[in-house]
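Starting off with a structure, shown below.
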Amino acid sequence: MTTMPQIDLAGAGVQPATAVAKPKVVARDVNVHYGEKHALHNVSIDIPEQAVTAFIGPSGCGKSTFLRCINRMNDTIASCRVTGRIELDGEDIYDRSLDVVQLRARVGMVFQKPNPFPKSIYENVAYGPRIHGLAQSKAELDEIVERSLKRASLFEEVKDRLDAPGTGLSGGQQQRLCIARAIAVSPEVILMDEPCSALDPIATARIEELIDELRENYTIVIVTHSMQQAARVSQRTAFFHLGKLVEQGPTEHIFTTPEDKRTQDYITGRFG
Amino acid sequence: MVAVFFLALVAIAVAAYLAGRLKGQRLVAAGARLHSLPTYHGLFLAVACVIPMLAVVVAWTPLAPRVVESRAIAALPADLQPKSELEHDARLREARLVAVGQYAGAPSPGLAAAGEAYRSARAAAEVLLLALGIAAAAGGFVWGSRQLAPDFRARNRFERVTKVALIACSAVAVLTTVGIVFSVLFETLRFFGRYPWHDFLFGLQWSPQIAIRADQVGQSGAFGAVPLFVGTTLVMLIAILVAGPVGLFAAIYMSEYATPKFRAVAKPVLEVLAGIPTVVFGFFAALTVAPFIKSTGEALGLSVASESALAAGLVMGVMIIPFVSSLSDDVINAVPQSLRDGSYGMGATRSETIKKVVLPAALPGIVSALMLAVSRAVGETMIVVMAAGLAGNLTFNPLEAVTTVTVQIKTLLVGDQEFDSAKTLSAFALGFVLFFFTLLLNVVALRIVRKYREQYD
């Protein structure tokens, strides 16, 4: 690893384009505008397969915006415009021929606030498999639901009350239900937008444990405000500031020997 | 004269307010630390003047006319003195006419004297009222300004008065409702004293004309209300079949698909529909829709009455579309965006998200919107008066003329009526049934809404 920051040819910013062995998602020069506001400047990043990548940075720095670009959730915002290139397994996800519905089946998402549907626990998990026609029979659907709940380490707590409403669970359980719901459609990538910010420390610890287990099967990208959390769960970390990707690299490297002054200031708590 | 009194009231209130505030400001200038702001001192003093002044009016209103009247009667010569209650009222009426100069012909000298006495007594009474009122206000002012002191709690006192005023205003609404319920209830009970309630609720024949002679044909005086209930239900069902789907789909389009720009234009336009007077809808139904249905039906070989339940129901359905769409739109918008995001994030399309997440979540609210629309349709009168007909046919055929509860109430009470016949009283019984039904619908709808609200909190 060189300590000299590479300066890209366009001169748009200092971005060490650290190579990753097996990139799952590759982004190049991504810019996002909300109407007149330029929210994200020339973001280029490689996200490795079967690992946890954390996005950190102060509020409003664009990390959530970039996360939502990866499964095109920004499409639901009318004023939002995305330029640049994002590839999933070498395929351009902003290509006209790509079906956004299929993309989101491959790239699942877990939100900041647990948002179970006002349906039963079973129906919450079965929702995705149903709309994508993943189960041919009731038995198969039962199996998918059970497997997803087990992977989200929720099954033992709810197996006797799968018909109870999902909204009746505790906050931490609701968030694990949302993770189970996302897992149920067998995505390749799971995006998590501050999944623990509405939870207490115990529930947070369980989710973090879960993220570590899920890494074996999925590529995970997590946005977090907690630097401890990023340090605990992620293998790679990217630091965003004022709409720019300032620095990225292996997590221990970012937290021990950051190259950029701003990264150092942020992780030592001098701002943000 | 009344105008003068109230002008004086306003002037005194303003003057007292200014005086109180000035006194408060003087206290501040003198270095005192007030408990309440000078403004509250002013408001307290204004209230201290206005309340006694209004109390004088309240006490005066029942008292003064009696005094004036007894003066007028006393001025009558001995031969004109009334001997009975009826005569007393007649003399008084004449005296009043003389007093205002509208008596037809020349009044007798005795009557003229009574009129003059009436007029002068009333003028004196009015001057006296004004004088008493101002005296009361002055008393209040003196009492109030003695209270004003740095540690006087003017703000708390004034706020207590405000609270009483607020309670009085809400009491007006509640008491009116209670009063209407009881007056309808008592008349209904009187009706059931003359006509058995089970015959009313379950009787199949409605023909409220009561025979005047014993041998009159077709004037049976039957008050079986079932044909009216059936007619009302029929029209209501047709209306809700129109307004339910149209209103709901419009709401779905408005809240989920329409661009903000289109929505900003279309929503107010749709709500204008709610502002069209029902009488306009009524003649639209009677003059345009009903003939159209009749000619279309005849072209298809059906026999259609010129006034039909279908015409009335269709137009009423159009009338209540804005209720359904506007309320449903609010309910659908209240479904949190996070649920939609959750669904989109799973790869659901917009249509799947609406069908499987948004509508189920909004369903209780939509049901209550429909119920409010139904209670509106059941109580609607003008459209059915003009387009549904008057004949109490017991039929479920939408192409025939039917009559509704509201139409019959209107028919029974229009024109000169004696208030002790079963015919007139039956209108109250119908009104009570209608009131009870809509009340039930509203209560159920409100309960559903409350349950729904708890879901996201």
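The first residue you see is number 1, and the count goes up from there.
Backbone N, Cα and C define each Cβ position, glycine as well.
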Looking at B:127-144, B:379-396, which stretch does TrEMBL describe as transmembrane segment?
B:127-144
If I go by TrEMBL, the feature transmembrane segment sits on one of B:3-25, B:164-186. Which?
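Going through B:3-25, B:164-186 one by one, TrEMBL flags B:164-186 as transmembrane segment.
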What parts of the chain pack near the transmembrane segment (B:39-61), using Cβ distances under 8 Å and only residues at least 6 beyond its ends?
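For the transmembrane segment (B:39-61), the list is 5, 9, 12-14, 16-24, 129, 132-134, 136-141, 143-145, 147-148, 152, 154-155, 157-158, 161.
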